[in-house]
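Before any comments, here is the structure.
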Amino acid sequence: MTNILNKLGWVAFALFGAACLAVVALQRGEPVNAIWLVCAAVAALVIAYRFYGRFIATSALGLDPSRATPALRRNDGLDFVPTDRWVLYGHHFAAIAGAGPLVGPVLAAQMGYLPGTLWILAGVVFAGAVQDMVILFCSTRRDGRSLGDMIRAELGNTAGSVAMLGILAIMIILLAVLGLVVVKALAESPWGTFTVAATIPIAMFMGVYMRWLRPGRILEASLIGLVLLFVSIWLGGVVAHDPEWAAAFHFDGRQLAWMMIAYGFIASVLPVWFLLAPRDYLSTFLKIGTIVGLAIAILWVRPDLQMPAVTKFIDGSGPVWSGGLFPFLFITIACGAVSGFHALISSGTTPKMIASESDIRLIGYGGMLMEAFVAIMALIAAAALQPGVYFAMNSPAAVLGGTVESAAAAISQWGFVITPEVLAQTAKDIGESTILSRTGGAPTLAVGMAQILHSVLSGEGMMAFWYHYAILFEALFILTTIDAGTRVGRFMIQDLLGTVHAGLRQTESWAGNLIATGLCVAGWGWFLYQGVVDPLGGINTLWPLFGIANQMLAALALIFACAVLIKMKRDRYLWVTALPAGWLVLCTLTASWQKLFHENPKIGFLANAHRFSDAAAKGELLAPAKTQAAMQQIAFNNYLDAALCALFAVVVLITLVFGILAALKARRNSQPTALETPYVSAATVGT
Amino acid sequence: MNRAGAGPNRWLALARAGWRQLRETARLAVGVPDYGSYLRHARAQHPDVEPLSYEEFFANRLAARYGRGRSRCC
């Protein structure tokens with residue numbers, strides 16, 4: 001009886017979700033309230049967790065709670081610790097949530113809110129959460145080894161080395177694009193620049209506090225840090241309104257790019273307790289707090305979605321990023337739907353703390369569903385803006401012209417009616433001189449968040465406060481990613497350099513440290529600077545490269561997962577990982593192909609390179625280049641982008657070949673050949 | 001839980017447990033696992049070795065989390 005009631009309950013819940021989704025998808029004419037989107041998303045995610053997540057756990061992977069996890073077998077109280085599932089859920093979610101799921105959906109909103117919503121929901125259920133969970137499972141069964149190690153062991157040394165190269169390349173492009181997001185958000189903004197700069201001394205104070213004054217007191221130091229952060233937002237407003245101080249914190253994109261490069265270098269060679277660790281504490285707590293706060297605020301305010309469900313830009317002619325719905329929507333929204341980077345996290349510290357295999361569904365699958373929910377909230381914040389404001393903020397200056405009048409005229413011509421007064425007033429409300437061409441996603445999200453939070457806590461000047469709070473929130477964890485990521489890149493490069501000169505591998509060696517850090521910073525700094533001077537606004541060029549890289553890594557992880565399923569003799573469930581793997585291979589290869597060979601210079605790197613080199617050969621100048629040298633430089637940059645894109649495609653193809661070879665070999669053997677740690681009963685291991 | 005002491009005591013115990021869980025979650029989110037569990041483990045499994053003090057434990061975890069940089073997500 002209860003069984004039938006239970007089933008009826010789920011049917012009713014599914015119908016409710018379907019009805020919400022129908023409202024979101026089918027209503028035309030009047031704006032749809034965001035609450036429908038929230039309900040549709042929650043219903044889809046909960047049902048996916050209950051049914052598909054459970055199917056993968058029990059049938060496809062055959063999770064075995066009686067099997068001792070690495071945390072039980074190797075418990076040392078430090079790295080390997082059996083941990084309460086909800087505590088570990090928090091740890092895992094904090095590690096996977098970053099800027100990606102916030103920026104991608106904002107950029108994707110140029111096609112309307114519907115394509116992005118559908119891809120986030122379908123992508124997370126069938127690809128993203130599956131990847132995170134299966135890799136977490138594989139790593140848990142292999143003593144918590146990393147993705148690169150596991151690929152090396154299961155697919156061979158060559159595949160492992162290719163994967164490592166791919167991981168280094170994605171690291172470089174990730175740091176460049178995140179750096180660009182911050183540069184774009186802080187350019188010409190004394191308030192934002194002051195506030196973000198203030199986080200450096202604040203973090204250093206916390207570092208000293210936790211090391212010398214009150215060692216290890218995280219809560220105290222973080223509370224002091226948070227209070228100081230809020231003071232710095234307020235002080236930023238004072239600075240911005242004082243002409244002399246404002247001038248001291250007023251920088252253009254190029255200056256900020258150089259500052260970011262210098263910062264990345266210094267921050268990653270400083271001792272970790274001094275800057276990196278304390279700022280990571282701040283950014284982690286601020287991130288979780290803000291996500292929870294934003295969810296509550298959206299439910300409280302229930303904004304209308306001003307953006308149409310689908311805009312005319314699905315044909316690929318949009319100003320924010322170029323290229324058609326397929327494949328570029330699936331590249332633009334990487335992290336919220338499926339993110340290869342999570343495969344690195346799922347094979348990092350989390351598998352070493354899983355207390356029972358039965359927790360893998362909650363942490364791996366459930367953690368990623370929460371990330372998708374964050375992406376949906378970012379999409380809501382962007383779609384709740386007036387479309388005219390959205391396009392004013394995200395279109396390149398070359399399209400909008402320099403004034404609110406020219407921008408309003410251009411945007412109204414696309415069918416999104418907006419007046420110059422609204423554009424000017426919005427800038428005034430958020431305490432900035434202009435909102436035109438504030439590309440990169442972060443400022444748009446900040447305005448969206450500010451409008452929503454302002455409806456909860458309003459007051460004179462509060463809109464500007466919330467805007468800069470949101471900018472700070474994003475910049476803070478991006479900067480943490482930049483110095484932590486530069487360190488990761490540095491050690492990868494030191495490993496590579498070690499093959500040339502053994503001394504350079506020594507992590508204590510100052511020469512090795514400085515050379516490797518310099519190379520890493522130069523790598524991402526190059527792409528960052530190129531993005532800042534890019535004629536199309538940089539994000540247009542770098543974000544697709546980053547998306548391709550991230551999906552490439554996901555494809556790698558899922559190809560590996562397919563090979564493991566075959567090696568485990570679980571061929572009949574192969575479709576669970578083969579379906580998303582195939583889709584991601586298709587997306588990354590099509591997108592790489594188009595980025596390379598598309599005849600439209602806005603899409604194809606080679607076409608754009610030829611455009612500039614041909615014009616240079618005729619002695620002409622194309623904007624924004626002002627000299628022949630700059631023309632050559634832009635052509636060269638495009639060739640470099642093309643080479644990177646080709647590299648990503650080649651990495652996917654090589655891994656695919658090795659995956660198929662490993663699978664065929666496993667099929668010829670009648671026994672399971674997956675290299676798992678031997679079974680130990682959980683009952684025999686004391687905790 | 002003490003049934004006889006139901007009422008305010010019960011709520012207080014619940015609130016304490018909730019706070020402990022929240023604290024533990026927040027600390028692990030920045031890479032510091034529970035020190036009490038470590039102590040229990042160290043004393044039970046390695047009684048001959050002096051366990052790390054909290055300060056040493058904290059420094060050890062900080063170095064483990066950030067020493068080689070940390071693959072953070074995008």
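Here, residue 1 is simply the first one shown, and the rest follow in order.
In case you wondered, yes, glycine gets a Cβ from its N, Cα and C as well.
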Response to the item:
Per TrEMBL, the transmembrane segment among A:9-29, A:93-113 spans residues A:93-113
Response to the item:
Sequence-distant residues near the transmembrane segment (A:93-113) by C-beta distance (under 8 Å, 6 or more away from its ends) are 24, 37, 119-120, 132, 178, 181, 284, 287-288, 291, 305, 307-311, 313-314, 318-321, 325, 329, 332-336, 339, 341-342, 345, 348-350, 367-368, 370-372, 374-376, 378-383, 390-391, 394, 440-442, 444-445, 448, 474, 477-478, 481, 539, 543, 547, 550
Practice prompt. Residue list, the transmembrane segment (A:639-664) vs rest of chain: Cβ under 8 Å, 6 or more residues beyond ends.
Written response: 151, 154-156, 158-159, 162-163, 165-166, 169, 173, 530, 541, 545, 548-549, 552, 555-556, 559-560, 562-563, 566-567, 585, 588-589, 592-593, 595-596, 605-606, 609
Practice prompt. Please give the sequence-distant neighbours of the transmembrane segment (A:573-593): residues at least 6 beyond its ends with Cβ less than 8 Å from one of its Cβ atoms.
Written response: 56, 59-61, 126-127, 130-131, 134, 323, 326-328, 330-331, 338, 544, 547-548, 551-552, 554-555, 558-559, 561-562, 565-566, 645-646, 648-649, 652-653, 656
Worksheet item: Which listed stretch (A:159-183, A:221-241, A:256-277, A:321-341, A:541-566) has the most C-beta pairs under 8 A with the transmembrane segment (A:510-529)?
Response: A:256-277
Worksheet item: When each of A:256-277, A:284-301, A:541-566 is checked against the transmembrane segment (A:221-241) for Cβ pairs under 8 Å, which one has the most?
Response: A:284-301
Discussion item. Can you tell me which parts of the same chain pack against the transmembrane segment (A:284-301), counting only residues 6+ beyond its ends and a CB-CB cutoff under 8 A?
Written reply: 34-35, 38, 90, 93-94, 97, 222, 226, 229, 373-374, 377, 380-381, 449, 452-453, 455-456, 470, 473, 476-477
Discussion item. Between the transmembrane segment (A:256-277) and the transmembrane segment (A:159-183), are there three or more CB pairs that fall under 8 A, provided the residues in each pair are separated by 6 or more in sequence?
Written reply: yes
Practice prompt. Quick one: find which recorded stretch in A:119-138, A:256-277, A:541-566 has the most Cβ pairs under 8 Å with the transmembrane segment (A:321-341).
Written response: A:541-566
Practice prompt. State the residues, same chain only, that lie 6 or more residues beyond the ends of the transmembrane segment (A:119-138) and have a CB under 8 A from a CB inside it; answer 'none' if no residue qualifies.
Written response: 40-41, 44-45, 48, 52-53, 56-57, 61, 63, 96, 105, 108, 147, 150, 329-330, 333, 336-340, 342-343, 345-347, 350-351, 354, 357, 360-361, 363-369, 371-372, 375-376, 379, 554, 557-558, 560-561, 564, 576-577, 579-580, 583-584
